[in-house]
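Visitor: Sharing a structure, written as structure tokens. Questions coming.
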């Protein structure tokens, strides 16, 4: 057994000696580069980028629009002349009667003379004139601060509490990823929509969700294509699955928007579409296998090893089941796999896991580069590649020493598996500095992740799902970051039990409901300050939602996708960008509408806006352009695809702002 362990470790060291140190430690460097200070810098960059549509909106403001805004205040809160529907005049008036008006709206309207919907906000300590003289900078800083606060409360408290709930309920990881974890990642958008319906009395929630959808699809994919270390090849199934559901949901939303009102049954249909997606994810593996069996009728190539190795492997492992049926590869219903996911890296990590139910065996065969996004056929090809490399290295181990080692599994897999034609794919492994470390349970990852002792220790600390710590950092940069986020983290640390601590795990209901309360507070402050910024600059809340709020609430999506893209997981990055929007469209929008109709005795919700309907149509068109662009790039995420995505995103921003300001007329409006 010692001979086998030494031979295995020597093989890995010899293989990694041909790679550059940076290549062997690429996973460590990836995670270190994405610190919170860089996240703050990224948020500031997004704010700077969003000033482009703001400038367009400011230049298009005219006195006629101000007069039109005053007229709209007389006729109704978001009902502009020329946009009231031909048969809905009386209906809109009735709905307006049920909408509570803020007490200070008349004073604000007389002072500002704008067409902003006056929500139930407290009176600002700064007057409009003071804000225009520079006090608005404080509101901008506060709004950005709320973006960071929402990301922290979701990542550190809300999602871990959802993880405990899924463990208690015994929900499979696919369903949990499409439900609880999707809710955790989209909580800011959901609460923004709730605030827009019940407090702001505007379409800020719709604008935020639509803008966030476009941001996730175009900007996030563009960033992944530009910042990935290499050209990434995409597979069709995850993209086809999520885009198909998303297209159906968007078509339903466009149809429901045609009359500018949302009935209770329309909201219910959108929620039903979401539950259909959850049911599909429950049977995703079976459906994927069936579809690929129907499509792929290729020849298979039987991968074998030498007769002596095959006999030795058979003798050592005759009692084991075949590789596809190994229980340890199955993620369905595994609470341990759910708990050990990289949730500290992002709040959408478990939703990304819904790409493939067998996606958690990343470390079980060395650092397999594309393992997380592979189907069974892809995994078999990956293991065959390992076998090929081991055969080339002439790693011969005595059959008497081959007991429960990693070589058993590789040889056995090669003997049992029949594969379609494929090319060899890359295997990334980290060399071991301690040749005597044992190989545990047939898992190479235990003996290959200690290449550099200090670096491995630091990375292990980052990887572990450790509870939140308020200990003082060591270097200056981390200390500055700590002081910036301390006003957010300290109240959360005091009021919410950290369920990642074994002693606090039983208090998960307190963490769950407490996190919801904090998310509601942060979302309210974010929308309020965004309203003040828009009122000062002279733009509507809809435009704020399409630009600043959409980008701010999508920061976790962006960080997650860039991380996985830099690890070589292109399918995760693209599919998570599309899949995260399904929850927003089918829950984030219809749930507040349905609650509103129930509270107001099934009265419909008005969603009239100058450009939001056309923005939804533009979102649908942009989705088609994304598919065509990926196809034109031959299903590869390269720099050209990144620049195409950026161009489409800025085109969407400019056109949406011009439509909302009525500089352009929406050609599809009725």
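Using N, Cα and C of the backbone, Cβ positions are placed for all residues, glycine too.
For reference, Swiss-Prot lists these features for the protein:
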- 39-59: transmembrane segment (TRANSMEM)
- 60-133: topological domain 'Extracellular' (TOPO_DOM)
- 67-86: region 'Disordered' (REGION)
- 91-122: region 'Disordered' (REGION)
- 112: N-linked glycosylation site (CARBOHYD)
- 134-154: transmembrane segment (TRANSMEM)
- 175-215: repeat 'Alpha-1' (REPEAT)
- 180-200: transmembrane segment (TRANSMEM)
- 201-205: topological domain 'Extracellular' (TOPO_DOM)
- 206-226: transmembrane segment (TRANSMEM)
- 245-265: transmembrane segment (TRANSMEM)
- 267-287: transmembrane segment (TRANSMEM)
- 312-335: region 'Disordered' (REGION)
- 394-414: region 'Disordered' (REGION)
- 450-471: region 'Disordered' (REGION)
- 507-527: transmembrane segment (TRANSMEM)
- 528-542: topological domain 'Extracellular' (TOPO_DOM)
- 543-563: transmembrane segment (TRANSMEM)
- 550-581: repeat 'Alpha-2' (REPEAT)
- 579-599: transmembrane segment (TRANSMEM)
- 600-611: topological domain 'Extracellular' (TOPO_DOM)
- 612-632: transmembrane segment (TRANSMEM)
- 640-660: transmembrane segment (TRANSMEM)
- 661-670: topological domain 'Extracellular' (TOPO_DOM)
Visitor: May I ask whether the transmembrane segment (206-226) has at least three C-beta pairs under 8 Å with the transmembrane segment (612-632), counting pairs 6 or more apart in sequence?
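Guide: Answer yes, regions in contact.
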Visitor: Determine whether the transmembrane segment (245-265) and the transmembrane segment (579-599) share at least three Cβ pairs under 8 Å, counting only pairs 6 or more apart in sequence.
Guide: yes
Visitor: For a three-state summary based on DSSP, what are the helix, strand and coil counts in the topological domain 'Extracellular' (201-205)?
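Guide: DSSP classes over the topological domain 'Extracellular' (201-205) add up to 2 helix, 0 strand, 3 coil.
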Visitor: The topological domain 'Extracellular' (201-205): mean pLDDT?
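Guide: Mean pLDDT, the topological domain 'Extracellular' (201-205): 80.
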Visitor: Please work out the helix, strand and coil residue numbers for the topological domain 'Extracellular' (528-542) from the DSSP assignment.
Guide: 12 helix, 0 strand, 3 coil
Visitor: When only pairs 6 or more apart in sequence are counted, do the transmembrane segment (640-660) and the transmembrane segment (543-563) reach 3 or more Cβ pairs under 8 Å?
Guide: yes
Visitor: What is the number of residues in the topological domain 'Extracellular' (600-611) that are helix, strand and coil, as DSSP sees it?
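Guide: Result for the topological domain 'Extracellular' (600-611), in helix, strand, coil order: 0 helix, 2 strand, 10 coil.
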